[in-house]
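**Q** This is the structure I have questions about; it appears just below.
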């Protein structure tokens, strides 16, 4: 029933858009995209790399936890204004943006659904690494990622029910609660160990943090490269999804930043919320897509999570580069009076947010 529902709606559109020839050995090909058969080498490589990347990710999150103060972290949980703003961005702005982009570009129903799934996913762990490099509020970043992953178990089905019913039945989308749960455990456990290490041995925690932040930066790039290699046969896809994959993360970063600023958050927290909003859990999106749709349907939208992943990383690196240039110039030109005013402004912002003054502003 699910296959018939979609095939009736997108067959005509997909045939009209077909113009690019797929490789001769493609198992699925309609022109707009194609999927090559997975060989034994790719299967072995995928298993090995998944194991290595999982271990590396756990170590990176452990190191990120080494930068979290338990009192500050609990302060965000007890006075969750920053977390609430992030919640509005994650499950308010992103699903609405996905819905509007799908309507604006008039994409096929099956493609609109995958865009919506991406918009409803919780924040990804890569945001914690980038937040560290832009001097973000790490306590807020970790708490936002944790809370969004936990809340996603209820908010994802709700958002998908609201926004996708014009294209498909909500029952057609399979949410892998076990994968969401594993993501939550993989985040909470190493971060908790890192917080404990920082509490007991703060000097050692700083060393672990420096090493982990570098490894994390390498890991983010490595994941993007590996995804491109493993799915190199699936890169023929309609230009509309490429455009959406470019606009979507940029809109998430921008809207997240401005909403956080309107909510009265300090600058470092605005950067944090921005990154948490734009950087989605693309791996979770890929899992949902593969569980929910047939191979014939996957050909029209399978690559979108990879496209989003690439552009969210690209824009994050641009944000990082721009911030580093600003910081270098700012440190050279800021007077002592301006520094004092900045401290007072950050303290007032912390008071409004019910949180604390970050180390950046002390």
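Just so you know, the numbers here start at 1 and follow the chain as drawn.
Cβ from N, Cα, C; glycine included.
Quick caveat, the model's predicted, so the values are computed rather than measured.
Not my notes, these are from TrEMBL:
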type	residues	note
TRANSMEM	45-63	transmembrane segment
TRANSMEM	83-105	transmembrane segment
TRANSMEM	112-134	transmembrane segment
TRANSMEM	140-163	transmembrane segment
TRANSMEM	175-195	transmembrane segment
TRANSMEM	207-229	transmembrane segment
TRANSMEM	241-260	transmembrane segment
TRANSMEM	300-323	transmembrane segment
REGION	337-362	region 'Disordered'
COMPBIAS	337-348	compositional bias 'Basic and acidic residues'
**Q** Establish whether the number of Cβ pairs under 8 Å between the transmembrane segment (241-260) and the transmembrane segment (140-163) reaches at least three, counting only pairs separated by 6 or more residues.
**A** no
**Q** Would you mind listing the long-range same-chain contacts of the transmembrane segment (175-195), meaning Cβ under 8 Å and 6+ residues beyond its ends?
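**A** Those are 54, 57-59, 61-68, 70, 73, 122, 125, 142, 145-146, 149-150, 152-153, 156-157, 160, 205, 208, 281, 284, 287-288, 291, in sequence order.
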